[in-house]
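Among the features that Swiss-Prot reports, compositional bias 'Low complexity' is placed at 467-480. Residues annotated as N-linked glycosylation site in Swiss-Prot: 299. Annotation source Swiss-Prot lists intramembrane segment at 87-107, 142-162, 166-186, citing sequence analysis. What Swiss-Prot records for 453-480 is region 'Disordered'. What Swiss-Prot lists as topological domain 'Cytoplasmic' is 1-23, 70-86, 108-115, 244-271, 332-340, 403-411. If you look up Swiss-Prot, you'll see 45-48, 137-141, 187-222, 293-310, 362-382, 433-521 marked as topological domain 'Lumenal'. The transmembrane segment annotation in Swiss-Prot covers 24-44, 49-69, 116-136, 223-243, 272-292, 311-331, 341-361, 383-402, 412-432 and rests on sequence analysis.
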């Protein structure tokens, strides 16, 4: 006779009540930490206290609550609501963050630096991964640190090369800086995540199969295939949505709810489509965001445009803040391997060296193909090197390594990664403002005379055909607003887009004639 399984919840009503209570307490604590993080972030912004950025504050809140939960011996049923699950991160938290990055992107600064961005993100990340892995293996061979197998060192190099400069970019916007530097840091970080994931998964496959070196040669080819396929999927979904909203006639007052619902579903469809066929959802949803903002957005009614802009900004802010809280709490709750402190210390040193090889080497390569007045200046290279924070992506991959690596090696890598994340987010994130001042790349916070000098310095690097000082609208009180105005001015005047967009794409995919700027702003 077939045995009928009865779940504990059905068998024990009292247990069901306790589980519901634990869920309520866990979710309540999460909401309280979110509220506290947003209030703290508002206070920090209002008082212009850049030594503790919002992301750092959220991480600290998670760490403190996690430590208190450990000390107070919180019930396991409540703790389970705070365990960082990489599947939850990749499927629910990451997509809105990446889509908002593409949706809010000013495309012309991004695409005018696209060659440099791809160089840093693909070649640079590959170089940084190999250099980090090689140095870690060499350090182990010289008995300076715990020795890991070579492939596992490369896995560590791949996951720790995933940058997450959310903190740096927020400070860039607050204090104001060069639009090209902002585009380089932003673009490199987004595409770098896809490269790091691809490298990590490939090395994990090599480690499981313990096979020949042919897989190492296939890493680059596989990434290019993944990148091209993911970009094509994202662009295809974006163009499909543009045609749908152009010809479906949804921009009427009684269909705004349907219009907004469909618009919100397309990004997630793009992400899941790419992940479902073995491509990169990150790259796919990024380009979906770029295409939907430029072509689909203008096909919406004004009310729907206002709603979807606010909605994606809201969801992205919630996901971003929750990720850092989630990560901080889990760091405090997880078991760590502190018996190999040397591995942690040397890893911090090695990723700094690898980041330098990545940035300065790729910048040299990019400058070889640029005119003298368009070369990346050294102060921008230094800022780019300093902006290589590690965050949620590296943490999620390190958490995955606990399952991928046996014999406690994953625990060592996880402990080293969490330490690096905390150190870079708190120390580097908190000192970014001073770094920008020291490198003299601060823009809108300076006085008028220095601002004019900054405008002149822009002509040393992809000279923008605009003059910030010539505007009569500089009475705005917020430096962040002035920075956004500068981005918008750059977006409207630069000539990086070809006539193809104006004469063919915009008229075909939108209700616009293509005679305007087509910003969709």
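In case you wondered, yes, glycine gets a Cβ from its N, Cα and C as well.
Just so it is clear, the model here is predicted, and its values are computed rather than measured.
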Can you tell me which recorded stretch out of 116-136, 272-292, 383-402 has the most Cβ pairs within less than 8 Å of the transmembrane segment (311-331)?
383-402
With DSSP, how much of the topological domain 'Cytoplasmic' (244-271) is helix, how much strand and how much coil, in residues?
23 helix, 0 strand, 5 coil
Across the topological domain 'Cytoplasmic' (244-271), what is the average pLDDT of the model, as a whole number?
88
So which residues does the intramembrane segment (87-107) touch in its own chain, when a touch means Cβ under 8 Å and the partner is 6 or more beyond its ends?
179, 183, 186, 190, 267-268, 271, 281-282, 285-290, 292-294, 312-313, 315-316, 319-320, 322-323, 326, 392, 396, 487-488, 490-491, 497
Range from 116-136, 341-361, 412-432 with most C-beta pairs under 8 A to the transmembrane segment (49-69):
412-432
Let me know how many other Cβ atoms fall within 10 Å of the Cβ of residue 299 (N-linked glycosylation site).
26
